[in-house]
Amino acid sequence: MVNFTHVSEFVLLGFQGGPGMQAMLFLIFLILYGIAVVGNLGMIVIIWVDAHLHTPMYAFLQSLSLLDICYSSTIAPRALANSMQEDHTISFGGCAAQFFFLSLFGITEAFLLAAMAYDRFIAICNPLLYSVSMSHQVCVLLISGSYLWGVVNAIAQTTMTFRLPFCGSNEINDFFCDVPPLLSLSCSDTFINQLVLLGLCGSIIVSTFLIVLVSYIYIISTILRIPTMQGCQKAFSTCASHLTGVCLFFGTVFFMYAQPSAIFFMEQSKIVSIFYTMVIPMLNPLIYSLRNKEVKQALRRSMQKLSL
């Protein structure tokens, strides 16, 4: 008979190294998190105060900025604390909560990026129907639906993962509570969990990516048919920033979770984890502001008001 011991806490191993290494990690995490919070908060405020940006496109962007703040805040505070102290433990409940919110915000962002692609598709391919197809009610429905699916996924994943019996080592070879390292600590067969992970999360990621892909195939084909170069550039500039953000998000997710489990627990995987949990939330406000003329104009108007 196997003796299952109840695990009351986990140890987040993170990156191994001496005090110098940990101090450097603290500085890196602090800079990434600080820029992510300030940048995304600034984006939310600019869209909120500038009436010219009160459109569905920027409502989605505002929601994305809020998601990025929440997403990075689920990881960064714990990572900062662990890099400055020897005790890297996290309670069972704390690990479950972190896991839940990571699942919630990650899947919600995938749906939100798909909704943003659909918004650009309607705006460029069917501009005469835009006010009807992307009304305020539709916009609210798409945003709330994204969160709803995120909650459903998070509840399913968290319930199935933390109902597993854990025995032996309680060391998670990462700096946050993620699915693969948690499943490796379970004493029981995790085939059903892996099947649900592949079926639920995999289908969500693939389906949202396909929505984005099909939308941009139509968008690009429509842009290429615009007779004037100026019109073509203007149309492409409205979706170039979103396309960049989509490539960063889905490219990193596919790289992270589509690789064989045998090579998952490598230091490179931890670096990729930092990229999609901290670097992407930091880059998004820069991408959407520096490559968007309307946001830059709104920023100038806000600066002029402050200088008066």
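Positions of Cβ are set from backbone N, Cα and C atoms, glycine also.
If you look up Swiss-Prot, you'll see 1-26 (among others) marked as topological domain 'Extracellular', on the strength of a curator's inference. For the topological domain 'Extracellular' (1-26), same-chain residues at least 6 beyond its ends with a Cβ under 8 Å from one of its own Cβ atoms are 78-80, 82-84, 88-92, 95, 165-167, 170-177, 185, 187, 267, 270.
Here Swiss-Prot flags 27-47 (among others) as transmembrane segment, drawing on sequence analysis. Within the same chain, residues 53-54, 58-59, 61-62, 65-66, 68-69, 72-73, 76, 79-80, 83, 274, 278-279, 281-282, 284-286, 288-289, 295, 298-299, 302 sit at least 6 positions outside the transmembrane segment (27-47) and bring their C-beta atoms closer than 8 Å to a C-beta of that stretch.
Across all of the topological domain 'Cytoplasmic' (48-58), the predicted model scores a mean pLDDT of 88. According to Swiss-Prot, the feature topological domain 'Cytoplasmic' maps to 48-58 (among others).
Annotated transmembrane segment per Swiss-Prot: 59-81 (among others), in sequence order, evidence recorded as sequence analysis. Panel annotation: around the transmembrane segment (59-81), residues 12, 14, 25-26, 29-30, 32-33, 36-37, 40-41, 43-44, 47-48, 90, 98, 101-102, 105-106, 108-109, 112-113, 115-116, 119, 139, 142-143, 146, 175-176, 245, 277-278, 280-282, 284-285, 288 of the same chain, lying at least six beyond its termini, place a Cβ under 8 Å from a Cβ of the stretch.
Only residues 6 or more beyond the boundaries of the topological domain 'Extracellular' (82-95), in the same chain, are considered here, and those with a CB under 8 A from a CB of the stretch are 7-14, 22-23, 25-26, 29, 162, 172, 175, 177, 182. As annotated by Swiss-Prot, topological domain 'Extracellular' applies to 82-95 (among others), with the evidence given as a curator's inference.
DSSP assigns Cys95 (disulfide bond) to a helix in the three-state reduction. For Cys95 (disulfide bond), the Cβ neighbour count at a 10 Å cut-off comes to 24, with all displayed protein chains included. Summarising the annotation, Swiss-Prot assigns disulfide bond to Cys95-Cys177 and lists sequence analysis as the type of evidence.
Only residues 6 or more beyond the boundaries of the transmembrane segment (96-116), in the same chain, are considered here, and those with a CB under 8 A from a CB of the stretch are 57, 60-61, 63-64, 67-68, 70-71, 74-75, 78, 90, 142-143, 145-147, 149-151, 153-155, 157-158, 161-162, 176-179, 182, 201, 204-205, 207-209, 211-212, 242, 245-246, 249-250, 253, 277. Marked as transmembrane segment by Swiss-Prot on the basis of sequence analysis: 96-116 (among others).
If you look up Swiss-Prot, you'll see 117-137 (among others) marked as topological domain 'Cytoplasmic', on the strength of a curator's inference. Under DSSP, residues within the topological domain 'Cytoplasmic' (117-137) fall into helix, strand and coil as 18 helix, 0 strand, 3 coil.
According to Swiss-Prot, the transmembrane segment annotation covers 138-158 (among others). Tertiary proximity for the transmembrane segment (138-158) is limited to same-chain residues at least six positions away from its ends with a CB under 8 Å from its CB atoms, namely 56, 59-60, 63, 96, 99-101, 103-108, 111-112, 115, 118-119, 179, 196-197, 200-201, 204.
Among the features that Swiss-Prot reports, topological domain 'Extracellular' is placed at 159-203 (among others).
Taken from Swiss-Prot, the feature transmembrane segment applies to 204-224 (among others), supported by sequence analysis.
What Swiss-Prot records for 225-245 (among others) is topological domain 'Cytoplasmic', and it gives a curator's inference as the kind of evidence.
Here Swiss-Prot flags 246-266 (among others) as transmembrane segment, drawing on sequence analysis.
The transmembrane segment annotation in Swiss-Prot covers 270-290 (among others).
Per Swiss-Prot, topological domain 'Cytoplasmic' is recorded for 291-308 (among others), and the stated evidence type is a curator's inference.
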In DSSP terms, helix, strand or coil for Cys177 (disulfide bond)?
coil
Same-chain residues at least 6 apart in sequence with Cβ under 8 Å of the Cβ of Cys177 (disulfide bond), in sequence order, are Phe10, Leu12, Ile90, Cys95, Ala96, Gln98, Phe99, Leu102
Three-state composition of the topological domain 'Extracellular' (1-26), taking helix and strand from DSSP
8 helix, 4 strand, 14 coil
Where else in the chain does the topological domain 'Cytoplasmic' (117-137) make close Cβ contacts, counting only residues six or more beyond its ends and a cut-off under 8 Å?
56-57, 60, 211-212, 215-216, 218-219, 222-223, 235, 238-239, 242, 246
